[in-house]
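What follows is a single structure, written as structure tokens, with notes after it.
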Amino acid sequence: MAMLPREKTRQVNVGGVTIGGGAPVRVQSMTCTRTTDADATLAQVHELVDAGCDLVRVTLPSREAVESFRRICAESPVPIIADIHFDYRLALCAIDAGAAKLRINPGNIGDWSRVDAVIDAAGEAGVAIRIGVNAGSLERSVAEQDGLTLPEKLVDSSVRFVQHFEDRAFTDIVLSAKAHDVPTTIETYRSLSRELPHIPLHLGVTEAGTSLQGTIKSSVGLGVLLAEGIGDTMRVSLTADPVEEPAVAWGILSCLGIRRRGPELVSCPTCGRCQVDLIPIAQEVSRRLQDVTSPISVAVMGCVVNGPGEASDADVGVACGKGSALLFKRGEVLRKVPEDAIIDELFREIESL
Ligand code: SF4
């Protein structure tokens, strides 16, 4: 696939994890536990890191959560991003508590003096800020402008915020401008990458829905942009266990050949030629591959039409026949195995790699 070269944005350091400027596209997600419950939140941070998050965002919704947030920052294995809405004083608390980055929507922080207090404190502490513009919470002066499309409003708002931050000599900026629909997302981020080519972009389709719909919307929206070289960090938003989010993000990056984590399963859709019960076999192989982190390829194919070709191209593969399968490893036929032993024999060879 012909990929456009990745846009060269200004690099931002978030607690030792770089975003933009040629760094790998960073995967992030957000906890959904109560921030006041540090144990539960840290447990979820660890789950998200195990699932592939480079960074994790945690909401700081109240003063009562500050001490717990401080402990989360101190004990997290990855830098923590504080999610702040409305109250600029909580942004100041988050900086003091050890956040590596803030996510704020300047439009809901209040007057510029409050935003400036956050910018100045972050600048002094070396804390990055994501300006998170959202279609659902555009500031009124932009939302009420006649004659502008939603992408134009999102871009207009973003450009004004970035200019304000830069006028104040703050440059550790990451930018997002999210909408819940895919065409708006694509048009908005394409414009942002043209208007603000130096600013690292955080990609996401917000409020994308439950697992299947959210995966489809994120894959199409973020996939198009990433294939065009746009985007420096990403969050897949699902109404689901957040641990599902990095898996989808990594899937998108792997499909595009941008970043690879874990195995790739090649399996056929089955048809009238297939003479084994392939679907449960492929599903079980897929489930067991979730425990494998190395970037191997595994093929599970239903018959001899495409089976031997795909199975021999994969690191390990099977091409099924009548009640049995030929087992391949790195292009060589190893042996014939009965249908009820396909999965175990496949994993015996995967473990030996
Ligand atoms: Fe059908 Fe064989 Fe192709 Fe699978 S590999 S879809 S069983 S023809």
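Using the three backbone atoms N, Cα and C, a Cβ is placed for every residue, glycine included.
According to TrEMBL:
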- 9-250: domain 'IspG TIM-barrel' (DOMAIN)
- 264-351: domain 'IspG C-terminal' (DOMAIN)
- Cys268, Cys271, Cys303, Glu310: [4Fe-4S] cluster binding site (BINDING)
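Feature map: TrEMBL annotations on the structure.
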residue : record                        : Cβ within 10 Å
Cys268  : [4Fe-4S] cluster binding site : 20
Cys271  : [4Fe-4S] cluster binding site : 10
Cys303  : [4Fe-4S] cluster binding site : 21
Glu310  : [4Fe-4S] cluster binding site : 20
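For the recorded site, Glu310 ([4Fe-4S] cluster binding site), the DSSP three-state label reads helix. Other residues of the chain with a Cβ within 8 Å of the Cβ centroid of Cys268, Cys271, Cys303, Glu310, the [4Fe-4S] cluster site, are Pro269, Thr270, Arg273, Cys274, Leu278, Met301, Gly302, Val305, Asn306, Gly307.
Ligand 1 lies within reach of Cys268, Cys271, Cys303 from the binding-site residues Cys268, Cys271, Cys303, Glu310, judged by a C-beta closer than 6 angstroms to any of its atoms.
Under the DSSP three-state reduction, Cys303 ([4Fe-4S] cluster binding site) is assigned to coil, being neither helix nor strand.
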